[in-house]
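Visitor: For reference, the structure I am asking about is given below.
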Amino acid sequence: MTGVSSFRSKLVRVTLGASAGLLAGFTALAVAELVAGLVRPAAGPVTVVGGAVIDRTPAAVKDFAIRAFGENDKTVLRLGILAVLALVALALGTLALSHRRAGAAGVLLFGIVGATAALGRPDSTGTGDALPSLAGALAGALVLYVLASRAVPVPAPADGGAGGGWNRRGFLTAAGVTVVAAASAGGLGRFFTGRRARGAVASREALVLPAPASPAPALPAGVRLKVPGITPFTTPASRFYRVDTALTVPKVDAGTWRLRIHGEGVTRPRTYTLDQLLARPLIERDITLTCVSNEVGGPYVGNARWLGVPLADLLEEAGVLPPSRGGRADQLVARSVDGMTLGSPVEDLMDGRDAMLAVGMNGEPLPFEHGFPVRMLVPGLYGYVSACKWITGIELTAFDAYDPYWVRRGWAREAPVKTQSRIDTPKPFARPAAGTVVVAGVAWAQRRGVTRVQIRVDDGPWRDADLAARAGVDTWRQWSYRWDATPGGHTLTVRATDGTGRVQTERRTRTVPDGASGRHGVFVTVT
Ligand SMILES: Nc1nc2c(c(=O)[nH]1)N[C@H]1C(S)=C(S)[C@@H](COP(=O)(O)O)O[C@H]1N2
Ligand SMILES: [Mo]
């Protein structure tokens with residue numbers, strides 16, 4: 001063989017190996033998608049491996065991911081997993097050309113990784129969850145074995161004539177069949193998954209929210225300031241921040257949804273349907289929800305009008321007593337369809353605040369992203385210790401007896417919301433013209449309310465901002481300040497005072513373990 005033809009034959013070999021590997025990987029994922037569509041979409045290999053990665057991500061890295069990718073963090077993770085799988089497929093494909101069995105075995109090994117991840121998920125419903133990964137791997141291994149056996153050189157004829165090429169036609173035929181079969185399997189899988197989701201979507205569209213027995217108190221005039229760039233008083237659902245560990249948003253069918261209340265001190269355990277909850281007297285409240293991962297000045301806070309069943313009523317009916325009245329359980333653990341666990345202090349839930357099982361958000365059924373059909377909501381507590389979305393279970397227990405998801409990852413067991421204020425306008429590094437500049441934003445101190453907001457320019461004195469009318473202690477409050485801006489660089493700093501008279505601390509802390517503290521500052525250059 002000449003040097004050129006040997007190089008060419010090497011190139012062909014590498015190409016064949018890479019194609020065989022990628023086709024095997026594609027087949028594995030497509031077949032897994034089909035089986036997941038039949039068994040349980042949440043048991044698909046990318047979803048379970050992604051979930052396992054999320055659960056094992058240290059808090060610091062997770063914080064970084066949220067900061068760097070925001071709400072696209074899950075897309076980034078998915079693409080990352082697919083990129084890793086593609087590299088593995090390339091390597092196994094190349095290996096399979098010389099060692100067919102070893103290549104196929106490698107694919108099977110990945111199937112076992114996926115199956116193990118599936119069975120280890122907190123929402124795993126049984127051994128059936130291993131099927132998508134295993135079936136996918138079997139199909140992938142088979143494809144790799146067959147393609148690799150077709151990717152062999154055609155022996156040169158014995159008479160010494162031209163030969164030594166590749167069995168191109170054999171390989172291409174097998175590859176073509178594989179592509180069509182795998183694409184069909186994947187498409188069918190998507191169809192089955194889509195059909196389940198359509199059932200849930202239809203149940204949401206059919207849901208008619210009852211009128212509240214206790215409507216939200218009318219908002220006083222002047223609760224909304226007319227300042228360009230200020231955060232709206234009510235956050236539309238479409239713009240409400242979303243923080244959760246769900247790689248795919250759970251689509252729960254309202255018709256089959258159940259909520260079970262049980263545990264320590266529950267004398268009358270019960271399981272509710274959605275209709276049973278909706279038949280009870282509902283309350284409607286404006287409540288500001290805050291994430292513990294929100295940095296000072298950050299975006300993970302929103303205010304909505306929620307409709308729901310008072311949680312304290314359900315707990316009392318179940319026989320639960322708060323610790324202050326002799327109850328044995330001091331922690332309520334909420335569980336969701338995706339296996340998330342969140343723990344709240346029972347005392348807080350029964351102290352008269354509007355803790356609820358919410359079914360409505362801004363006049364609509366909850367969006368799927370925000371927990372349809374039912375989520376928990378507790379004014380004054382960060383979301384991770386209170387706001388369980390897609391809730392299916394409420395268990396009464398003790399803080400000493402059980403650590404929920406985030407607590408096991410270094411976050412505090414109890415986490416009341418800290419007093420915070422944020423400058424929405426001007427934006428950091430804005431270049432407003434000298435003269436009157438309207439500085440404005442929001443401040444929140446759920447359960448205590450905001451009674452004062454002050455602004456400081458550089459190291460100057462603190463001056464009172466104008467407050468919007470107060471809607472209640474559980475909602476944020478808009479504020480604005482007319483600043484007589486002079487040319488040059490300036491730092492604007494804000495601080496709020498809560499209903500107990502306490503001024504928001506200037507002591508900076510990180511978000512871990514119980515929420516960031518410190519004051520929001522914005523640097524601008526006045527021109
Ligand atoms: N099932 C489930 N519920 C959850 C979470 C989650 O990861 N899974 N995250 C919690 C956190 S950390 C917050 S801040 C709120 C956010 O609610 P939102 O996405 O509707 O804004 O939901 C809480 N409820
Ligand atoms: Mo959160």
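Glycine residues also receive a Cβ, built from the backbone N, Cα and C atoms like all the rest.
Pasting the relevant annotations from TrEMBL:
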TRANSMEM  12-32  transmembrane segment
TRANSMEM  76-96  transmembrane segment
TRANSMEM  102-119  transmembrane segment
TRANSMEM  131-151  transmembrane segment
TRANSMEM  171-192  transmembrane segment
DOMAIN    247-400  domain 'Oxidoreductase molybdopterin-binding'
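Help me picture where these features are in the structure shown.
Guide: Only residues 6 or more beyond the boundaries of the transmembrane segment (76-96), in the same chain, are considered here, and those with a CB under 8 A from a CB of the stretch are 14, 17-22, 24-25, 29, 46, 49-50, 53-54, 65, 69, 102-104, 106-107, 110, 144-145, 147-148, 247.
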Visitor: Please work out which recorded stretch in 12-32, 102-119, 171-192 has the most C-beta pairs separated by under 8 angstroms from the transmembrane segment (131-151)?
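Guide: The stretch with the most contacts is 12-32.
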Visitor: Can you tell me which parts of the same chain pack against the transmembrane segment (102-119), counting only residues 6+ beyond its ends and a CB-CB cutoff under 8 A?
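Guide: Non-local partners: 21, 24-25, 28, 32, 43, 45, 48-49, 51-52, 85, 88, 92-93, 95-96, 127, 129-130, 132-134, 136-138, 140-142, 144-145, 148.
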Visitor: Report, as numbers and ranges, every residue of the chain located at least six residues beyond the transmembrane segment (171-192) whose Cβ falls under 8 Å of a Cβ in that stretch; write 'none' if there are none.
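Guide: Result: 16, 19-20, 23, 26-27, 29-38, 139, 143, 146-147, 150-151.
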